[in-house]
2 protein chains.
Amino acid sequence: MSDALLSRAERLDADDQLAKIRERFALEAPSDQAAGDAGVYLDGNSLGALPHGVAARLQDVVEREWGRLRIRSWDESGWWTAPERVGDRIAPLIGAAPGQVVVGDSTSVNVFKALVGAVRMAPQDRDEVLVDAATFPTDGYIAASAARMTGRTVRPVRAVDMAAEIGPRTAVALVNHVDYRTGRLHDLPGTTAAAHAAGALVVWDLCHSAGALPVRLDADGVDLAVGCTYKYLNGGPGAPAYLYIRRELQPRFDSPLPGWNSHTDPFGMRPDYEPADGAPRGRVGTPEILSMLALEAALEAWDGVAIEEVRRKSLALSDFFLECVAALVPDGLVESITPAEHALRGSQVSLRCERAGEVMAALIERGVVGDYRRPDVLRFGFTPLYTRYVDALRAARTLADVLR
Amino acid sequence: MSDALLSRAERLDADDQLAKIRERFALEAPSDQAAGDAGVYLDGNSLGALPHGVAARLQDVVEREWGRLRIRSWDESGWWTAPERVGDRIAPLIGAAPGQVVVGDSTSVNVFKALVGAVRMAPQDRDEVLVDAATFPTDGYIAASAARMTGRTVRPVRAVDMAAEIGPRTAVALVNHVDYRTGRLHDLPGTTAAAHAAGALVVWDLCHSAGALPVRLDADGVDLAVGCTYKYLNGGPGAPAYLYIRRELQPRFDSPLPGWNSHTDPFGMRPDYEPADGAPRGRVGTPEILSMLALEAALEAWDGVAIEEVRRKSLALSDFFLECVAALVPDGLVESITPAEHALRGSQVSLRCERAGEVMAALIERGVVGDYRRPDVLRFGFTPLYTRYVDALRAARTLADVLR
């Protein structure tokens, strides 16, 4: 059985259109692991692997741009315009035309900008902010603050019910495109259309979808979106997040964080705030350039990669992993909480099992790195740019070994 | 005359207690400048020079911590606790005991946290936020937003009048310790005491003082403070800012940006927000680790450096520069807008002159890098860790050449 699965995995890898992209990443083992065994990294949905080229680029940024050119680099090395330039590099991955995505600050800070901005653009008699009830927590905490500071109330609603729950009192709905815990993919076009039909705005959190599957912000008429860049986009630890503001809404975007970087004339040092046009309106203060330019270098791993092919492989990988788990893990020990249906699945598989924390520790000990979410969930992220079918098989086989 | 000044400069450099600290910095010329002439960098009050050691540290962070350990580094490489650890490294430079400074986000974002937090701690009948009328603009823009979102109004007041203007309606005053334009040092102890006597809080912006002169936040009873790390602290372009929250106020600090990183149990992924105790309460989202750890490495340049000695040299350097300017530049061509009195001077000298933009361009052309602030100000920053007296002389001499 296992031999048949191995043959299948090897054949799938041999036929994989994206197989060569794996060479763009550093996937060596930690120095405390057995030489030659780099293990299996299935936590790219939390921190993406390192793309080759980042280290050399960062060295140049530090030694030449900062160390020698110093202040001149703000202009001459393109530091000042990096937030928009890197935003435009991300834009095609999320279905956005240029000029609508700006990079900087954390996801949490961008959720605050987006929600307050949305409330201010919504009809002013609308008193509620709907939040995905199973949201990654920071979105909920920030939504509560945004509502408190704009005199609205937050109402948690299941993401699957969001379209039905958006009503005449709704100013804005904040929804995760993919649930971080279950890996469930939510209905972006349908929920967006429902929000608009009800006269509300919608903010999408793309943290667990961008870079894993096609997102069509422009085509689907999304108002605002935020996302991180350190998961499927491989931008590095804590790499800056991004904010998408639909072009038509930009002139009305009234930021709660109107820093000098979003001023129409930042070096005019004018006492009154006058916001810039376009994507820069989403900026705040001076961006963290080293992290920003590491992200820019990391995004080169996407050169020539079609997101549709990423999606195809992502589903095939997670299908194959589920098949291996079903074949190798004794019945009843794990239960997938990730939808089997492709249209409802992101790019991770979440398995519920007893003593999940200990199980994940044992997996990591054996070189299979996923993560654990309390109280009982094992998460395995499938990052099609560098995950192979043999990796999925090994993960399932190791899981079976640990559980037996 | 000039020969006498040169002898003086050389003697001052020979006697300089901090002279050897200069070796900790990369001060080579840009590759487009004449070999052997690294010029004079007097813009460290905008972007500090590169400390040696940052490049190697960052290479290790990228290649080993991110590239090999990947997700494990959040624990094993100390990424998760970096905001507090780096904060505690900055703390002695600003007179703060450990546990009160947290690093992350931009200065602008931290001004927002500090001001909203302060308004929420002030007596609730107080309806005004005072802002230094000559403030660096972002503080003013963000103060306006903080006031708008908390139902207060902003009143601009000259920093020198702040102590007298703080009154029974004042919730909080936001003051720049050193004026970015004139280099004037404001009265931190006196203004803080006046605020407290009036029942108000005070937020200090230390961007242009931290690392240039002694700051005594604890001793002077400051409530909250923010500052950047890319000027006198040499943390790198856009290096993350810091937030000081006085220990006694931490339990009452109610952040407008309650992200998951400031939760008491961040990995509990709990739907309700419960803030962490202590400095982590000032965190928001995932910090930009590459920029954060570059800053940490950069701070090693401060090992064994006494801030009192930095201050002594800073004043001596700017005194000497002003003396050279007086001796070399024909009368009436420039006017210093930086106070001559030591107690009122930060670590820069600002000279007003005609066609200042063109003059600065000509200075930079000749290897003397300061900066220009519209409409008519030349700024020269004196960073005692790596600026020499001969540099001050050369800057004055070049200025005289350009103006003649």
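Just so you know, glycine gets a Cβ as well, placed from its N, Cα and C.
Some features that TrEMBL has for this protein:
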type	residues	note
BINDING	B:T107, B:S108, B:F136, B:P137, B:T138, B:D139, B:D205, B:H208, B:Y230, B:W260, B:T286	pyridoxal 5'-phosphate binding site
MOD_RES	B:K231	N6-(pyridoxal phosphate)lysine
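Sequence features, as recorded in TrEMBL, placed on the structure.
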residue: B:T107; record: pyridoxal 5'-phosphate binding site; Cβ neighbours (10 Å): 28
residue: B:F136; record: pyridoxal 5'-phosphate binding site; Cβ neighbours (10 Å): 21
residue: B:T138; record: pyridoxal 5'-phosphate binding site; Cβ neighbours (10 Å): 29
residue: B:D205; record: pyridoxal 5'-phosphate binding site; Cβ neighbours (10 Å): 27
residue: B:Y230; record: pyridoxal 5'-phosphate binding site; Cβ neighbours (10 Å): 26
residue: B:K231; record: N6-(pyridoxal phosphate)lysine; Cβ neighbours (10 Å): 27
residue: B:T286; record: pyridoxal 5'-phosphate binding site; Cβ neighbours (10 Å): 26
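Taken over all pairs of the listed pyridoxal 5'-phosphate-binding residues (B:T107, B:S108, B:F136, B:P137, B:T138, B:D139, B:D205, B:H208, B:Y230, B:W260, B:T286), the Cα spread reaches a maximum of 31 Å, rounded to the nearest whole number. For the residue listed as 'N6-(pyridoxal phosphate)lysine', the spatially nearest entry among the binding-site residues B:T107, B:F136, B:T138 is B:T107, judged by CA separation.
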